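In TrEMBL this protein carries:
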{"type": "BINDING", "residues": "His172, His236, His307, His513", "note": "Fe cation binding site"}
Amino acid sequence: MDIIFGRNKKEQLEPVRAKVTGRIPTWLQGTLLRNGPGMHTVGETRYNHWFDGLALLHSFTIRDGEVYYRSKYLRSDTYKDNIEANRIVVSEFGTMAYPDPCKNIFSKAFSYLSHTIPDFTDNCLINIMKCGEDFYATTETNYIRKINPHTLETLEKVDYRKFVAVNLATAHPHYDEAGNVLNMGTSIMDKGKTKYVIFKIPATVPEDKKEKNPLKHTEVFCSITSRSLLSPSYYHSFGVTENYVIFLEQPFKLDILKMSTAYIRGVNWASCMAFHKEDKTYIHIIDQRTRKPVPTKFYTDPMVVFHHVNAYEEDGCLLFDVIAYEDSSLYQLFYLANLNQDFEENSRLTSIPTLRRFAVPLNVDKNAEVGSNLIKLASTTARALKEKDDQVYCQPELLYEGLELPRINYAHNGKRYRYIFAAEVQWSPIPTKILKYDVLTKSSLKWGQEHCWPAEPLFVPTPGAKDEDDGIILSAIVSTDPQKLPFLLILDAKSFTELARASIDVEMHLDLHGLFIPDTDCNTGKQAPSQEEQDRAPDCHAAPQI
């Protein structure tokens, strides 16, 4: 188990050519760019949690049937400070660090009375975001780091707080067809309120604007006041349709008072999160046209959702699909102390990740009887029951058990869709297979091999494709067998048969999220440049496959 989770991985700074077996489609030209934790010990110190590890970027450049691999640690301030000190000196969510015992400890904790917060880490290890023509490594704090997607070089450090008042932000933004970014963050104790802030970053800046950086034109789209001033909800993602935004205020909460004293008490920030099984999950629906929440109050049973899959509108209803848990046990399982040789036997989720479909009526009939089901769609068994106080209780349709890290054909994001591509997991959170699930027929296809752990599967459409599943699946595969090389798997998305694999003789880490950047030539449409030319060239990419 230490092969996968506990061992620091070496960088592969120069591109190394992979051994390709099978045949890569000739149209597949571009770079799969991924992010995840790669370093878990610094000197004699060790991170407590797998999600705390220092960010290791890696890429697979696919060109003319060949694949080149490289990896590089994100040179964040966190990375540089830790390496210089040869120990962990910057706190992560699951690991509290004490860089200077002589320093005033109050400067490292935030105070409820003074409305200050800790300066969080810029160890951006979760995902990659495209913003305008630039790419950023992202995490869930207020910091993002600009990167060069070709060389994996770390560039500017960006603080969201300079553009929008958020202390935390998701690493799962949405993109519209124009490339505009829609994201969410939490504003803690700003002007006496704790709010969930939806903000928009434009893809392009008008020519008459002097400042051309899209981030400097960020605008607040909508704000939702937290139900609790000092216990805002934790959330990892949110949903969108063509006209609405879906936000789940779930009873997995941050305790601000506990966080403000965590440094003093010698505990990590993660210990200040708790799942309140007696509370409800509140469903907030924001109308993108009015930029205001719809007036009806919707709720469902307590649950924990990390990943929204997709959402769409149908006949006056809004349907959204999520991967839901009955509790917060998933996070606890990834403490490194639990990731030992007995992990698969001893670490069992107390709730299995379940694909749930919710249906919300957009126009509630005030004359409907109390207890009546407001959903009349034939396409789902999800229900929305009217209650006495005009609240609506939503009961989901359970579609599938045992999947995580869901992806779709992003051209169908916010629209009616059919296919989900995901990692299959059961009572252990370890992915063992790649899954294609058909939400229409409720059938599935799977790929798996012994000792192989697949990363999040990413869909890339065939150029000019008309069918939703006409394309390929890319997944970086690591193995628990030290004799088996890691590889990039390329599947036919329709049949789920293997087209090719590119094996790399390197130490590859298990990553989290990323995107595919197709190759284009900005001016002439000529053949894609060589690796050396690509490293020197300016960014000339088409829209990424999110």
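Our numbering is plain: 1 for the first residue shown, then up by one each step along the chain.
Just so it is clear, glycine is given a Cβ too, placed from its N, Cα and C backbone atoms.
TrEMBL annotations: computationally assigned, not manually curated.
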Measuring CB to CB from His513 (Fe cation binding site), give everything in the same chain under 8 Å that is also at least six residues away in sequence.
Arg34, Asn35, Gly36, Ile126, Asn127, Ile128, Ala171, His172, Leu405, Glu456
Cβ-centroid neighbours of Fe cation site His172, His236, His307, His513, 8 Å, sequence order:
Ile126, Asn127, Thr170, Ala171, Ser237, Phe306, His308
Only counting partners 6 or more residues apart, tell me which same-chain residues put their Cβ under 8 Å from the Cβ of His307 (Fe cation binding site).
His172, His236, Ser237, Val322, Ile323, Glu404, Leu405, Pro406
For the binding-site residues His172, His236, the one whose C-beta sees the most other C-beta atoms within 10 angstroms
His172
